[in-house]
Structure formats: structure tokens, C-alpha cells
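Each remark here refers to the structure printed beneath this line.
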Amino acid sequence: MAFSLRARAASLAPKSFTYLKSYSLNALQRDLGAGVTVGIVALPLAMAFAIASGAGPQAGLYTAVVAGFIISILGGTRFQIGGPTGAFVIIIAGVIGRNGYEGLVLATILAGLLLILMGIFGMGRLLQYIPYPVTAGFTSGIGLLIFTSQLKDFFGLQISQMPSAFASQVVACAQAMPSFALATFCIGTLTLAVMLMVRRFIPRIPAPFAGILIGSIAAWALGLDVETIGSRFGGIPATLPKFMPVAGVTLADIRNVLPDALSIAVLAGIESLLSATVADGMSGDRHNSSTELVAQGAANIASSLFGGLPATGAIARTATNIRAGAFSPFAGVIHALTLVMFIKFLSPVASLIPLSSLAAVLMVVAWDMSEPHRIKRLLRAPMSDSMVMLSAFGLTVFIGLTTAVEIGVVLSAILFMKRMSELVDIHSLDTGLPEEAIISRRTGHPRMVVYEISGPLFFGMTHRFLDVMRFTRKKPEILVLCMRQVPTIDATGLEGLETVIRRSQQQGIRVILSGVHPTIMKVMKRMGTDQIVGSNNIFTDFSTAVSENLPFLTEDDTSVKVVMGKAAHSV
């Protein structure tokens, strides 16, 4: 037991430990360059995500610092960059709206604990089984919700409280259009144009940083009356994150935020492992999903206790880290320290950033999240996949992310079972014997019938198996079920098999099983199926099952006696 615990702990060793022993000056130089670059990219995004979530800009910076540091130090991915992401914007806004920031802190801590447990018990692989149409659908839905939530700041609309529901947001923006502010719109448009041009012509420069820099300078130089971080939030305090313990939590509080905690945990797990997979594809490295989930859990707990927000691996920032030449996870640490330097020495400058510029940044992020080219491709996929994607998209937009993931996974599971059941084939099989050996000369009825089952025998296709096995007429004396092509069987499939055996025995039909896989045989013995069919009626190969049961055929004629002397052919 102690050995298994030590082995499990060793399997959760962070990636940073691997590179610490061989760290060199050249590695430090590479990590410094990449870390500072990613820090510059993360700066405007962290503030924008926090403001869009209904929190202050400093909460986003604290998240990027605390969570980014822990994910890099404890994570199972070499190049992962953690922090606030667009995927959490809608969830966070909803939790704060319902339960306040204190409720968000509790939900994030619970989500962190869930992530740690998922990592310890190796559940990272289960998250990777969530089908792509589901993730594409809810990600696109989140992108649309983020886009509409930024219309107020982009156009400078006078809306006292932006609704959380999509339809209500659209109606509120339409009704507030008379308050449209031209100066605000121009700065937002300028920021958007700069970002698009930088991405197109100078991709080495972080587009969000360039867009916000130009937009801020233009608004300040022209003396435009636009809302800024300073005018709405009073600026960003030049103080580092401080420990904020949680007190007075009741069981009722935990029950109240548990669904939100589950949503945060699932989304953090999905996005972090997706980011890790993207990083593996770009770098040729291989991540440890269990270690990554443990680190994500620890990062979320720490972030919430230091005034931050839920965090996960950020795909765009992780890709930037790799392209910037990072060597090890310490590039993520340097990214966090870069943001610390900004908070400590340059936070007053952030007060000048126009909110319309941040809105423009989030609109681009929303477009990137939606991935229109992938959506178009999925719409050309089989109808079932398209319907799952559209269902997840619609549920995310109009109901909620948690419902979208739950129903999307259930729909995908149902479709998977349907497709698997279509792959399972049950057909009669030639025995390899002359016809006179198995056809009664008196009645013309088959005395031995052989069916081969090809594919997994599970609950999704048991009803088909039972339908095929109904002998309403021409009942045989012996039924041989060839199971050499059955790789696995579940409890429902086993129950169906036993039903066929009992039903046949009640009709006086002897049932023979042949070619049973050893793993299935173990299941049968544990469940007692071998006693139902009779151990003397189970054979390892098909030819033996047929030839050894010819003497049991009741009709005594010369044709049978002749065939009994021949060896049956293996099919």
C-alpha cells in the first residue's frame, strides 16, 4: 500500500522538477524572452476578462500572477501558461450576479478541490472523452455571449446594468442605441483596426497590447471624453495580492454554489487539457494530465484566496510562449513576475486605458473562440454531429454552460451507442458440413443452427440480439453461438445472452458457446453464466463445438453416421 502511494505521488511529479536539474544560462535567456513576451500579451487580456466578468481589473491581474505561477511550477505541461480566460467570463458573471464575490470564492475553492481529486484519481482521460462537437458548440456559444456583452462598452451605450441573458442583452443594447457615443465607438474601432493589421502584417507583436496602446494614446492625446479604467474603477492599486481567508461558510452555502463549482471544475479541466494537447502538438512534448489537473486545482484555490478569479490553461498564451522560444515551465513563472512588476510600478498607467479598447480586444477573443471555420466544417459533418454541436451552442447561449455540456455529452453518448449497435453484426454461419448432416430428412428443418456475433455485446444492441434469436418456427436441436469476434461484453449484454440461453433451453434447444474470449470467460464465471449454459457446452474453437455435438442430433440415419467420421472445417 505504501509503495503504491509513493508510486502514485511520483507519477504526479511536476514538469518543472524535470528541467530544474539541467537548467542552464541559455535556458534562462530563452525563458526570460518568452516569459516577458507572454506577460505583455497577458496584461490587457487579464484586465479585460476580469472587467467583463463583473470584477475589477486587479482581480484579473492577481489571477494571472498567482494562478500563472502555480500552474507553471506544479503543472504537468512544459509550456502551459495559466490565468483568466474568456471561457470563464460568462460563468463568473453569473456566479457574482447570484451570490456575490464571496460566493465565487467559495465556488472556486470547491472547484479546485474537485480538480485535485480528479487528478489524483486519474480522471483526466475521462475529460478527453467529451466529444469535439460538444466542446465546439459550447465554446462558440461562449464566444457569442462574450461578443454581445461587450457591445455596451464598445458603443458607449448608457445601460445601468447589462443583463446576463443573451436575448435580454440584445434588447437592452437595441433600446440604448440613442445613447450611442461616437468618440467611444471611434476609439474602439481604432483599437480593433490596429489589432487586425498587426495580426496580419506584424504577427510578432502582441496584437492586444498594440491595439490598447494606440487606442489609449489616441484618447489621451485628443482629449476625448471616453470611459476608462480609472473613471469606472478608480485605477488599479499598486499592491500585490494579499491572503484573504474564507470564514463563516455553512453547509447551505456549499450546497448553493456546488453546481457552479462543478461547472468551473469541468471547464477548467477541459480547457487546460485542451491547451496542453495543443502545446504537445506544437512542441513534440508530452503532458501529464493528472499532474496538470492537480496543479489547476491548487492554482484555483490559491487564486480565490488571494483576490483572484477562476483560472485555467490559456491556449493562445501557451502557443505564444512556445513560439517565443520558451525552454521550460519557468517561462510561465517569469510571465507572472512580469505582471508583478507592472502592478508594482506601472499600474497608474492602466487607469488611462479606454474601456472601448478592452471591449475591442474581447470581441476579437470572442471571434477566435467561435472558430467559424471549424463550425462550417462541422456543419458538413454527419447530421448527428451537427445536431450535437448546434444543441450545445443553443443551450449555452439560451440556458447555460453546465446544461449544454451535460445534454451534449448525453446526446453524444446516445449517438455513439447507436453507431456501435449498427456495427454489431449477428448472422448465420456455415458449419462447413454437408447439408444432409444438419437438415432433417423427415421434416426439412435445420437440426443445428450457427450464429456468429461480431462486435461488442453491450446494452446498446442487446435488443437486436434478442430479436434475431427468436425461433418462432423451425426450431433447431442445437444452437451454436460463435463469439470469437466479441471483444467485450457488459452486464446488460450478459443478461441478454443468458435470456437467449434460458429461452432456448425451455424450448428444448441445446446452446453451445464457442470461441469465447478469455476476458469474457472470466466475466461469465464471476456472474455464473457458465453454470447456466453448462461448462460442457463451452468450447474454445468453432470446429470442435460443431464436430463434438453431431452425435447429439436425434435423427438416426446413414447420412449422419457418414458425416460423423469426417473432420469439420474451421470457418
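The backbone N, Cα and C atoms fix where each Cβ goes, and this holds for glycine too.
The transmembrane segment annotation in TrEMBL covers 32-52 (among others).
Residues annotated as transmembrane segment in TrEMBL: 59-75 (among others).
According to TrEMBL, the transmembrane segment annotation covers 81-97 (among others).
The transmembrane segment annotation in TrEMBL covers 104-123 (among others).
For the transmembrane segment (129-147), same-chain residues at least 6 beyond its ends with a Cβ under 8 Å from one of its own Cβ atoms are 52, 86-87, 89-90, 166, 270, 274, 362-363, 365-371, 374-375, 378, 381, 385-386, 388-397, 401, 404-405, 408-409, 412. According to TrEMBL, the feature transmembrane segment maps to 129-147 (among others).
According to TrEMBL, the transmembrane segment annotation covers 178-198 (among others).
What TrEMBL lists as transmembrane segment is 205-223 (among others).
Taken from TrEMBL, the feature transmembrane segment applies to 324-343 (among others).
Marked as transmembrane segment by TrEMBL: 349-367 (among others). Listed as Cβ neighbours of the transmembrane segment (349-367) (distance under 8 Å, sequence separation of 6 or more from its ends, same chain) are residues 44-45, 47-49, 51-52, 57, 86, 89, 143-144, 146-147, 149-154, 156, 184-185, 187-189, 191-192, 195-196, 207-208, 211-212, 215-216, 219-220, 226-230, 232, 235-236, 342.
The transmembrane segment feature in TrEMBL is assigned to 388-416 (among others). Tertiary neighbourhood of the transmembrane segment (388-416): same-chain residues 90-91, 94, 130-131, 133-138, 140-142, 144-145, 165-167, 259, 262-263, 266-267, 375, 378-379, selected by CB-CB distance under 8 Å and a gap of 6+ residues from either end.
Here the domain 'STAS' (446-549) is broken down by DSSP into helix, strand and coil counts: 47 helix, 25 strand, 32 coil. The feature domain 'STAS' is assigned by TrEMBL to 446-549.
Taking every recorded stretch in 59-75, 104-123, 178-198 and counting its Cβ pairs under 8 Å to the transmembrane segment (324-343), the highest total belongs to 59-75.
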